Amino acid sequence: MGFTLHSVYFTLKVSLLLGSLLGLSLGLEFMGIPNQWTRFLRWDASTRSELSFQFKTNVSAGLLLYFDDGGVCDFLCLSLVDGRIQLQFSVDCAETTVITDKQVNDSNWHFLMVSRNHLRTVLVLDGEAKPGEVRPQRQYMNIVSDLFVGGVPSYIRPAALTLDGVLSEPPFQGFILNLKYGNSEPQLLGSQGVRLEMEGLCTENPCENGGTCFLLDGEPRCDCSATGYTGKLCSEDVNHIPGLSHLMMSEQGRSKARDENMATFRGSEYLCYDLSQNPIQSSSDEITLSFKTWQRNGLILHTGKSADYVNLALKDGAVSLVINLGSGAFEAIVEPVNGKFNDNAWHDVKVTRNLRQHSGIGHAMVNKLHCLVTISVDGILTTTGYTQEDYTMLGSDDFFYVGGSPSTADLPGSPVSNNFMGCLKEVVYKNNDIRLELSRLARIGDTKMKIYGEVKFVCENVATLDPISFETPEAYISLPKWNTKRMGSISFDFRTTEPNGLILFTHGKPQERKDARSQKNTKVDFFAVELLDGNLYLLLDMGSGTIKVKATQKKANDGEWYHVDIQRDGRSGTISVNSRRTPFTASGESEILDLEGDMYLGGLPENRAGLILPTELWTAMLNYGYVGCIRDLFIDGRSKNIRQLAEAQNAAGVKSSCSRLSTKQCDSYPCKNNAVCKDGWNRFICDCTGTGYWGRTCEREASILSYDGSMYMKIIMPMVMHTEAEDVSFRFMSQRAYGLLMATTSRDSADTLRLELDGGRVKLMVNLDCIRINCNASKGPETLYAGQKLNDNEWHTVRVVRRGKSLKLMVDDDVAEGTMVGDHTRLEFHNIETGIMTEKRYISVIPSSFIGHLQSLMFNGMLYIDLCKNGDIDYCELKARFGLRNIIADPVTFKTKSSYLSLATLQAYTSMHLFFQFKTTSADGFILFNSGDGNDFIAVELVKGYIHYVFDLGNGPNVIKGNSDRPLNDNQWHNVVITRDNSNTHSLKVDTKMVTQVINGAKNLDLKGDLYIAGLAQGMYSNLPKLVASRDGFQGCLASVDLNGRLPDLINDALHRSGQIERGCEGPSTTCQEDSCANQGICNQQWEGFTCDCSMTSYSGSQCNDPGATYIFGKSGGLILYTWPANDRPSTRTDRLAVGFSTTVKDGILVRIDSAPGLGDFLQLHIEQGKIGVVFNIGTVDISIKEESTPVNDGKYHVVRFTRNGGNATLQVDSWPVNEHYPTGNTDSERFQMVKQKIPFKYNRPVEEWLQEKGRQLTIFNTQAQIAIGGKDRGRLFQGQLSGLYYNGLKVLNMAAENNPNIKINGSVRLVGEVPSILGTTPTTSVPPEMSTTVMETTTTMATTTTRKNRSPPSIQTTDDIVSSAECSSDDEDFIDCEPSTGKSGGELVIPLLVEDPLDIPPIATRAPFITLPPTFRPLLTIIETTKDSLSMTSEAGLPCLSDQGSDGCDDDGLVISGYGSGETFDSNLPPTDDEDFYTTFSLVTDKSLSTSIFEGGYKAHAPKWESKDFRPNKVSETGRTTTTSLSPELIRSTASSSTGMVPKLPAGKMNNRELKPQPDIVLLPLPTAYELDSTKLKSPLITSPMFRNVPTANPTEPGIRRVPGASEVVRESSSTTGMVVGIVAAAALCILILLYAMYKYRNRDEGSYQVDETRNYISNSAQSNGTLMKEKQQSSKSGHKKQKNKDKEYYV
């Protein structure tokens, strides 16, 4: 088609070669067969040249043409790839590729041109240009080979070809016509497999008068440009016009080729012909011309003014015609089918207008005269239309403009604002009267023709206005000052897919103007164009206020080209986008736009010190640079070569081409750290918000600032800022519910944009201070809330987006939106502040300080925290600390438990948010208390190492207990958050564990009086409300105290202070270190220091580095014999034995422990054949464990440690590997098989399940009677040294040295040195001296078992419980029911002393691997003796009560909730009931505590004295134990404790006013309920870990299962008579019958079942509190398919 030819209309020179040479004007057909090719003479494209041809094809792949430098570096290859044209070229080994967007395998003709210009090569397909550029060192291309078209000959060596694989390219299939090197035809050197097409069409030249024949789309055409003739065959004569001599042609000239009348225009040149002397009046006329250009827009020709004109222009690559004869414009657009007319090829344009009679429909239209207008381009494309009928004459007495005008934008009807750039030829206007050859008149210099600019009358290549791409938002270029005053125009094209960007901006000189604030304000004239949210806006201020004009109705960021044309005349003007015009009128009266300085295109410079940015220009405020393409920039009709400007300025991020990548950039997932990827213009955009990272791919970790309530970061802006749009984002983490996050502040106004935590929510407040500037005042600050419970110490992301009056607040996924009231939208600020608001002059209520962490603060594109840290800005005032630090704000130490202070009343009427941090080694203590009106109160206390939150809102007291994994008195900082919202939902969060409870009824907390911190005044403890357990103050550190948004200074704000209170928190003066305790002693941290537990070391002293009591046994043998009193014989399930020794004997007994006569249980430590070993028997067979590896009779000092737990045992010498023993077999199952046939069938299954759940051998070492040391009584004499003997809390050698009456020494035994002093003057007791600070707890358990599947083992003990009595001295403990003794000696209650090992013991696999192993406890057992005298004494004296009720009955006031750390809550208002299920729901414990201490006096173990003051809290357990407790009245009385140092007593309390039912005087084993498994498998308990380093203890017996060792268990018995013992032994023979009787009896007894929570093993009590009796019950799982419940009860009294 004609519009796709290059240089074929006017400058075509055809030379047909005869003989062997054939011009390509005849065309070539390529068949696509292998080894096809055509070869043309070398194309000299080294620097500047053009190559063009036409082609058509229907295949998608093939080689079009190729040449290279002979295999070195340079080449050029044109090929078909996937139906598109691909250009590859290389210069000096710098290679690039260009691919067209358009597919060409459509069997249509296409025009292709390759233009070379040094390092730049442009591929033009049907008018669409695709440039490619390389940047090598060499500036030209080396060319050696000829040009190959359609394929490369196979005989060429591959090494001689530069491009690898070019020989394997598929051959081209299709047609190629008119191959040209510039304007000349190349010489064909040879071909193979190519057919000549259309021969003979131009052989006989059909053109007359010297016209030149050429082929166009396969058909012959004539070029008449050089003949003086016109027409299809150059046969039409040019009209001779008499009277106009300057237009007449002589007859002689008709047959000669006339000189070409052409000229080159470069955008600022134009021709002007004056018509004032010969005005035009015509009804029919014709305009003809030819043009050639790369430019898309430009004025070609114009004549006329106002409403009578003709305008011909190029608009977006199409030919535009506008004619107005006075009654309205006729507009026509001619576009090619493919491509554009700006393809740098010649195109012919012809416009005709003829008067015609037009018959229309209706009488009004009949026989009317109209002007028929026809426009054609290249003789093919034609558009026809009619002008309005009222006027038919064109009258013009103005000028004829060719190629441009002084002000193209101001010409009437002009669709473009810029002049033409390119070549124009033979511009002719003619009508019935005249013929104006305007091009020739200009060339010959006619007087009426004025030439403006340097017009050259030849056709030269006009440099294309190449598009440029802004690849980053920071990229920009500077343009010269825009000299516009009263009028001006700007036009450009843009193309992008990004929604926001500043395209143009320039402003004038600053002018001081006064605004409504009566203060000077700098204002400037400015002009700007911006893209915001996909819409194009024009902003203009000419001194009287800014106008903002939206120029698009739909979003323009769709990746297509948009043409923008802005024309201004005075105050008014238009902006058109793709011909859609929008008028505008500037504010005020001024018609002058006073600009100064550069105009910025694409963005703004980083240094904006000299710029005054208007607040209305949101993209500038938000730092949105433009990313996309710009082309064809014309200012006042003159082009701006922005490519050259970018290269001259070396503009970073600006590329001199525009191509859109076909692939989406986010498909490769470039964004890291879970950032959101968005596709931009040829780039990906990683949104790092909320990730904690920054950078192009969010690869750099953002800096974190830590704030402690006194810290802040303040950004002081270099100048006062005014904005109407803000983007704010950051992350924060805090445990406080209140605190300032970020705020903008002003020194001159109350303007602020403030974000703060308010009640656990983020509050956004925007105040624009309308009052001071006399604007339309709003109703006050705009406020939005988002998020909830954000004080959870987790990262949360906050984003704020404001656009004028529109507000949006986003917190994580919660979104709140609002619209501001009033007309004022400008925010003024001098500072951006975080943490603390320092600018307070205009703030009525100062927000609370922030305690927490802040990260990634971005305000309008500026990442201020990182900019401040890196020193990129120098206006940063920083008081916060970098890094994710542990924040301890304003710590205060309460050095004693009697220290406290009081503050003003806590204001928490409707809601409450409390936060504090604490650190202590004390297990108990008051932290916070405030009483109120009526019964209202709030208390926070530490009970047994767990936080209790107790409160009463008028409905009765309630308690919520923290469910921490471990006690909190571990000398570590812990965080506590307590909240109460408007719905009366209370929550307690300790570190990461939260408990929540909804309270019905009253919702308001009416507090009065002082708020007490860390304790109470003397006398207040006796009047505390229900459920408050503490009776002493808090000893330790408090920090970061937040009282419902108020951060008090605990010392300065205190109304009253008492005791030792100091700032800071140094903690214990000495702390446990690795070497604090020698010889593997265990270090126990205390607040005032630490203590060492040397029990299992054989050493003594404060740091376990002093030798223990040492005896030397001579050659003749000796014996040290310790005998338990008859009423004080313990039975144990676990034992621990340690002793140091040195010897050279090969055989001897070191220590032997025997049970009462007739029982046969024993434990013996001996040396056999020089090796140490232990043998023990606990009722079945002898069990032996030995150190086989190394003899110990080497005369060196060794320490041996032995532990037993049931049948499991460990033995370790020094630090050698541990020897372990795990027995096999199950005696219970064997005995069950013996008696199975005697059990009724229906009971077989329950009994079998019961035995399987028990799953243990005999595990109890019964009725221990004596300890023999030295082996003389057995004839196996020990000779050598024994030191520091320890057995289950007894240090026998120390006792022997102190002449304990229960010890006898015989034979050759000699004490070495003096007995080590224990705690100075305190004599040695059965309580080890290192345990003087241990916490004692009384635990009495009752357990009833319902036989059912999936239940924990009913009879497996894992803790130090009361196990047996002297009345049950049989080995068949599991089958014998024993009655309690009624003898004079009475019963005795055993008190286990628990000390936790601070070391973590590695877990050992069990049958229940998903259970967390409980922590280490070190029980030390003593007794509370009860005799008839003591019972009567307590009966007469009454039971002690510590509540304000005195000693009258110890009613409800003595009740507290148990289950410390369980997270459960209890409502005191539940009605009393006799239903046992009620007590399975709650775990209760009385608040009457047993005071315990070390013994005073000698070793009278059965009559200890107790002093609570001598005990200090130890590091308590990580996991507690919940047991179910029930005591008979007799037992309660027998265990009552008085505070007078007489016989220890246990309290008697009521369970919520429910009286206890009479029970037998018995104590039952607890039921472990820590896990449940299939009942068909043996159940195993959770075993506690040992108290000492590297010394494992043994687990209860279970075949093949190795467990974490357990703590020792000791029980002591009352005395028994010999007859009773004989009777019990005889009763053993009847065990089977008794078992059947017991099973039958208790199976048919309907009793409630109770589960024991094994996760709460013995929570240690405070040293100052009265040892609490635990009576906790938990919900049992009831069998749904059995009506009767099988009970198994073991009585060990």
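Any Cβ shown, glycine's included, is placed from N, Cα and C.
Because the structure is a prediction, the values reported are computed rather than measured.
Swiss-Prot names the disulfide partner of CYS1077 among CYS1037, CYS1092, CYS1094 as CYS1092.
Only one of CYS677, CYS698 is recorded by Swiss-Prot as the disulfide partner of CYS688: CYS698. Of the cysteines listed (CYS629, CYS671, CYS677, CYS686), Swiss-Prot assigns CYS629 as the disulfide partner of CYS658. The stretch that Swiss-Prot tags with region 'Disordered', taken from the ranges 575-594, 775-794, 1535-1554, is 1535-1554. Listed in Swiss-Prot as the disulfide partner of CYS1072, from the options CYS1083, CYS1094, is CYS1083. As annotated in Swiss-Prot, N-linked glycosylation site applies, among ASN105, ASN1350, to ASN105. Record note: of ASN58, ASN1666, Swiss-Prot gives the feature N-linked glycosylation site to ASN58, with no matching annotation on the rest. Across the domain 'EGF-like 3' (1068-1105), the DSSP tally of helix, strand and coil residues reads 0 helix, 12 strand, 26 coil. Around CYS677 (disulfide bond), the same-chain residues six or more apart in sequence whose CB sits under 8 Å from its CB are GLN665, CYS666, TYR669, PRO670, CYS671, PHE684, ILE685, CYS686, ASP687, listed in sequence order. Model confidence over the domain 'EGF-like 2' (662-699) stands at 93, taken as the mean pLDDT rounded to a whole number.
Each of the disulfide-bonded residues CYS666, CYS1083, CYS1092 was scored by other CB atoms within 10 A of its CB, and the lowest score goes to CYS666.
Considering only the disulfide-bonded residues CYS207, CYS213, CYS658, CYS1092, CYS1104, the residues lying within 10 A of CYS224 (disulfide bond) on a C-alpha to C-alpha basis are CYS207, CYS213. Taking CA atoms as the reference points, CYS459 (disulfide bond) and CYS1077 (disulfide bond) are 102 Å apart. It is 5 Å from the Cα atom of CYS1092 (disulfide bond) to that of CYS1083 (disulfide bond).
Counting residues per DSSP class in helix, strand and coil order gives 4 helix, 10 strand, 24 coil for the domain 'EGF-like 2' (662-699). With a threshold of 8 Å between CB atoms, the same-chain residues lying at least 6 positions outside the domain 'EGF-like 2' (662-699) that come near it are 469, 471-472, 496-498, 559, 627-629, 729, 731, 795, 797, 799, 812, 855-856, 858, 863, 866. Listed in sequence order, the disulfide-bonded residues from CYS423, CYS1077, CYS1083 having a Cα within 10 Å of the Cα of CYS1094 (disulfide bond) are CYS1077, CYS1083. Under DSSP, ASP308 (Ca(2+) binding site) is assigned to a strand (E or B) in the three-state scheme. Look at CYS234 (disulfide bond): DSSP puts it in coil. Just so you know, of the disulfide-bonded residues CYS222, CYS224, CYS658, the Cβ with the fewest other Cβ atoms around it within 10 Å is the one at CYS658.
Among the disulfide-bonded residues CYS423, CYS629, CYS658, CYS1037, CYS1083, the residue whose Cα lies closest in space to that of LEU325 (Ca(2+) binding site) is CYS423. For ASP308 (Ca(2+) binding site), other Cβ atoms within 10 Å of its Cβ number 21.
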